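Colleague: Just lifted these from Swiss-Prot, have a look:
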- 505: active site, proton acceptor (ACT_SITE)
- 392, 393, 394, 395, 396, 397, 398, 399, 400, 415: ATP binding site (BINDING)
- 66-98: compositional bias 'Polar residues' (COMPBIAS)
- 129-140: compositional bias 'Low complexity' (COMPBIAS)
- 226-254: compositional bias 'Low complexity' (COMPBIAS)
- 262-272: compositional bias 'Low complexity' (COMPBIAS)
- 273-300: compositional bias 'Polar residues' (COMPBIAS)
- 147-160: domain 'CRIB' (DOMAIN)
- 386-637: domain 'Protein kinase' (DOMAIN)
- 301: phosphoserine (MOD_RES)
- 303: phosphoserine (MOD_RES)
- 1-21: region 'Disordered' (REGION)
- 39-104: region 'Disordered' (REGION)
- 126-147: region 'Disordered' (REGION)
- 213-365: region 'Disordered' (REGION)
């Protein structure tokens, strides 16, 4: 039998350049019509079921080749006779999907060529191509479009590491200056160059937050906390009016930390035996209703500022700690006076970037935020609903008052601020929405918000006990009390996580206490929503010493970052401070990224069940780290004592401040 061939016919007007074909054989020919959309192949008469498709046929172009060599022709061919051999049949077989694939490629190629032709005509001012589907041959030439020069250009720097020289390549001058005084040794840079870059990237992001006036990942020791946070409001229970913090005081960590150990070598969890000297801390004694929890006008405990190269070089400054002896805290039997601050090394500080004018997009965003605030806030005059205003705090972002609610005589904390002076208004909206939507016994009670005469009033319950920070730095907590605090905190976190909210800033500063021992989460400015469509986040926010490794290394993270922070807070309750607080921030970030699970000083003083609780919550791999709900079932939490056991500790702090 003579092999069938393809005979080209008159070009089809289907716009694709595909030609219907006729397979000529001995006997009656069979015509195959290819429709315009090439999605259906319809023979003119019924054809028998084809045998199995031979996938080994050579792939070639559509036409101009024998049928046996082409895979892009029609697959169904009626031979009109049953006498043809199976080998001949296999030679005539093709795959319909190849026709569609070929057609799709032709369509994409044609569309791309038309697009390029149209854009070329547009940019050169010429008319549309007569063959283009985007124009007509009669179109008149268009006027040339003037293209402006780039605006707000940014220089992207690619930093590398040369293992032969042990030096970074392409590193900005600012980063080089910071690295010199960061405390990260040359050997550490060679071992983990990526961790060094991650720490630098976090620093740069923190600087950007500071320049924009937002709440930085490195909370700063300043009089301003532009981000409206629940802690700033409810912290009226632990605020006192003070003068503005001087700019020089912003250069040093505010949380007292012990003398750095002689060796910086890492060790496994609960393995270090370092002993540190301490001094008295009379300056940290609060008044009866005041704690040192940070606000707009009080130096934030735990919160190192975003340091410059000069201030980083002063990291050897000794930090003050309470002088009461405790088996858990790293201290010596004798106390010493703090050493004088060493003169910073002469390092040229990186010049601050020139401030840019606010873009119209930012102005539009502010308008949208203001409209949102008006829709979610009470428009009434709050001065008619609350009385007995007593100013208990002042800062650049607003004033904090204690007051009484008219009718109920309920004691509340109110923060008043001029919304037009807040640089990150969207953070305020975020926090208000979280607080209004989530009510739980372990979350600070949100009462109301007022937007009246361009001023925002946030009303929260009055937490007179202050923050957990004062308790852990001035008292020795038993394992039962630590278990109680962890249990209450985890219950609040579980509620947030079940509702798709990750807190991202769990630490003792953001755990508030009442005089009855109630334990509640606060400060929801860093909260983020995670739903089924977005199960992970990558933004580097939070406070570095409590930050999970996956955040520091800029990986995707989820709810379990809060579990890690809880584990760090548990160490804080044991030792009075989080790990690496005595290190400067850049080195602390490096250690978190490279060491992972931190160590504590006296592991032999902890029970095995507490040790296991710390190990579980501080598991480096987030996939193996338990969730908040799973950690709530840990045996350690069964040792929890009633929260009322914290009342004497809270009251002792207040009475000592009298």
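Even glycines carry a Cβ here, placed using N, Cα and C.
How buried are the listed features, and what sits near them?
Modeller: Counting every protein chain shown, 27 other Cβ atoms lie within 10 Å of the Cβ of residue 505 (active site, proton acceptor).
Cβ neighbour count for residue 400 (ATP binding site) (all protein chains, 10 Å cutoff from its Cβ): 28.
The predicted model assigns the domain 'CRIB' (147-160) a mean pLDDT of 68.
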Colleague: Per 10 Å Cβ neighbour count, which of the binding-site residues 392, 398 ranks highest?
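Modeller: The residue with the most neighbouring Cβ atoms within 10 Å is 398.
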Colleague: Would you mind reading off the Cα separation of residue 398 (ATP binding site) from residue 505 (active site, proton acceptor), to the nearest angstrom?
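Modeller: The separation of the Cα atoms works out to 22 Å.
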Colleague: C-alpha of residue 400 (ATP binding site) to C-alpha of residue 505 (active site, proton acceptor): distance in Å?
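Modeller: Counting only the Cα atoms, the answer is 22 Å.
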